[in-house]
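Novice: For reference, Swiss-Prot lists these features for the protein:
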SIGNAL    1-32  signal peptide
DOMAIN    33-64  domain 'LRRNT'
REPEAT    65-86  repeat 'LRR 1'
REPEAT    89-110  repeat 'LRR 2'
REPEAT    114-135  repeat 'LRR 3'
REPEAT    136-157  repeat 'LRR 4'
TRANSMEM  205-225  transmembrane segment
Amino acid sequence: MGTVRPPRPSLLLVSTRESCLFLLFCLHLGAACPQPCRCPDHAGAVAVFCSLRGLQEVPEDIPANTVLLKLDANKISHLPDGAFQHLHRLRELDLSHNAIEAIGSATFAGLAGGLRLLDLSYNRIQRIPKDALGKLSAKIRLSHNPLHCECALQEALWELKLDPDSVDEIACHTSVQEEFVGKPLVQALDAGASLCSVPHRTTDVAMLVTMFGWFAMVIAYVVYYVRHNQEDARRHLEYLKSLPSAPASKDPIGPGP
């Protein structure tokens, strides 16, 4: 009667190891895409669609091989520094229709080379630091933001490659020059207007107040000096009048023969 041999330990070990590796691979695939998003993969290039997901912040687990990232129509209000720095293959980033209030100098660090389109339209951005977007070679959409038009914004815009299809929709919500409010900013700048030639009103007011104060002090000193001299002259004249008059001297020499 033949004996039944148990399975070889080596084969069992290999089978268990392969099962674990397969399980880990499946778990990795499941975690490669942010939970509320869709991440179709085409020939190793991932497109991440997170539109209309109610997101309040940028997901942290975006695949590194993402080429298209749609984060539009969410509730994102803050972009942390370096939020996209691991996405070296990213070509298009859509952040439109959010509640973004500000962008920092390091917000888009790591995207300088490959990014082709950055959509920041329909947000709440008021100011743009000069070094926040200047290193990007992408076309940038900034329309429908409550921009405060000042010299710093003008200098920042000159460094950007603005999307020509939406450039005329970039308007001033507030401005250091009231005539710019509500008007297409780039058109005004192209026509020769400048936001950098506006005098600082606060400085001017302080200077005028200082000058007026010095002028008032000079006038007061002159008035005091004149009145003081007039008073001295009056007292001196009264003193002279109070002196007794000397009698007329008689000629000691008599009349000639």
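Each residue's number is its place along the chain shown, starting with 1.
Cβ atoms here come from the backbone N, Cα and C positions, even for glycine.
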Novice: DSSP helix, strand and coil counts for the repeat 'LRR 2' (89-110)?
Specialist: 0 helix, 3 strand, 19 coil
Novice: List, by number or range, the same-chain residues at least 6 past the repeat 'LRR 3' (114-135) whose CB is under 8 A from its CB atoms?
Specialist: 72, 77, 88-105, 107-108, 141-148, 150, 152-153, 155-157, 159-160, 163, 166, 169, 173-174
Novice: Within the repeat 'LRR 2' (89-110), what mean pLDDT does the predicted structure show?
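Specialist: In the predicted model, the repeat 'LRR 2' (89-110) has a mean pLDDT of 96.
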